[in-house]
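A.B. asks: Straight out of Swiss-Prot:
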ACT_SITE  E359  active site, proton donor
ACT_SITE  H390  active site
ACT_SITE  K516  active site
Amino acid sequence: MSTLADVSSDITASAAWRKLHDHHGALAQRHLREIFAEDPERGRELTLQVADLHIDYSKHRATRETLQLLVELAREAGVEAHRDAMFAGEHINTSEDRAVGHVALRLPAGRTMTIDGADAGAQVHEVLRRMGEFTDALRSGQWRGATGERIETVVNIGIGGSDLGPVMVHQALRHYADAGITARFVSNVDPADLVAELTGLNPATTLFIVASKTFSTLETLTNATAARRWLVAALGEDAVAKHFVAVSTNAERVSAFGIDTANMFGFWDWVGGRYSVDSAIGLSVMATIGKERFAEFLAGMHAVDTHFATAPLEANAPVLLGLLGIWYANFFGAESRAVLPYSNDLARFPAYLQQLTMESNGKSVRADGTPVTTATGEIFWGEPGTNGQHAFYQLLHQGTRLIPADFIGFARPTDDLPTADGTGSMHDVLMSNLFAQTKVLAFGKTAEEIAAEGTAPNLVPHKVMPGNRPSTTILAPQLTPAVVGQLIALYEHQVFVEGVIWGIDSFDQWGVELGKQQALALAALLTAAEDPAPQDDSSTDALIRWYRAHR
């Protein structure tokens, strides 16, 4: 078995990769209709139950032999060794020499995980205790604003992982908001974002959560400063301490802003932003749903962590789904994956996954600094069903690109209404569409079948549904805090598996840094009194001069 010392080895030169290459050559032209005919029980047998999640991976262009070969690839790449190293707190983020400890954020009380010589579990639960005390005070009305009024709205100011996770989870769990506190979210440095979110708010009943680990993120501090001016204009300077709290580790900057450091909630270098919604970054979520529901959310994540850490690779959901991602990206040439939640409350889930997957695995060098030798990083995108059916499913069904899809649905709705004739459930209509789409994507409809229906010959080729389009279906009883946690962890660990096989560091993001530096350098040129010096390239120079002339 491979060890961490083998991280620099090129998996594309391995025996397992060559076997998959040869196997793909034999399988590529086979249709799912044929695969199901030869293996009629696969629809019942190629499923996994992980906590509340029922996962059907039978509609993939993969035979049982394919799955065996993919598992062999995972073993040769050292997936088990890397997984165990992560759970042991080792520094698997090699470019930054850091541990990767997001799994510690959802450890049950009393469980330990040593990171950098400290008990991460104990550290996490101390922060959770403080978060719980604070949100209890908010929700009960014990915490009052500067005028003595109760807080009714929390506004989370963050960006990237400090925004996408809380926004997504808040929307997904809106039915669990039960204390009269609503949440709004500001991320974009475009002033329209902040202005829109402040519209209609009463400063006396508004609390801001400024989420920035270093308390120096340009977009976040720009928005926070503007929000501070808005508050001070209404309530005065002394009100800041009662209307701002921070999620940060920089006590000096937090204090200078006017926030009492007793109301600063920290997290650690071993938590990446895109893996942080279950840390203090989730404070806005806890404020709306309460600490008990937040604990259920964490327990859902931990349930999938335990499955990932202990299940054999052959029956390990994140491993198999990550391997199928490799199968399509590297052997079929697929470039993207559609994520299609048949739940409007999960509307932001695809955007959340975009950061999780693309910031993690959008790398062109391996962990040892050498160039990758195969495509990396899936492009994730999607919209809720059934909206997408009337927008882009046409390309999924009849286009020339292979786009694997993940369908997510629930047995019981968070809201339901009767159908137009009053005899049925709108949720049943929604779910019938999910099942129909996965069936048609997989099996399609042949020219012979269409002609047999009496279709005009000239229309037959236009109506052919090729099928052979792969998908995973993930079902759960209902969209609960635990299930949201399970879904997040399921995808987190898929990303991990893919990154290990590609030999890349899935936990850094150096690609975002240069743009930040360039923006700071260019900002002064946009408003300078004198004409700026010419830029290195004529395009940027001309754009800056156009902007200056028209602002």
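Placed from the backbone N, Cα and C atoms, the Cβ positions cover glycine too.
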A.B. asks: Compute the C-alpha separation of E359 (active site, proton donor) from K516 (active site), stating it in Å without decimals.
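C.D. replies: Checking the Cα atoms of E359 (active site, proton donor) and K516 (active site) gives a distance of 15 Å.
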A.B. asks: Just name the most isolated of the active-site residues H390, K516, going by other Cβ atoms within 10 Å of its Cβ.
C.D. replies: H390
A.B. asks: With every protein chain in view, how many other Cβ atoms are within 10 Å of the Cβ of E359 (active site, proton donor)?
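C.D. replies: There are 22 of them.
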A.B. asks: To the nearest whole angstrom, what is the C-alpha distance linking H390 (active site) and K516 (active site)?
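C.D. replies: K516 (active site) has its Cα 38 Å from the Cα of H390 (active site).
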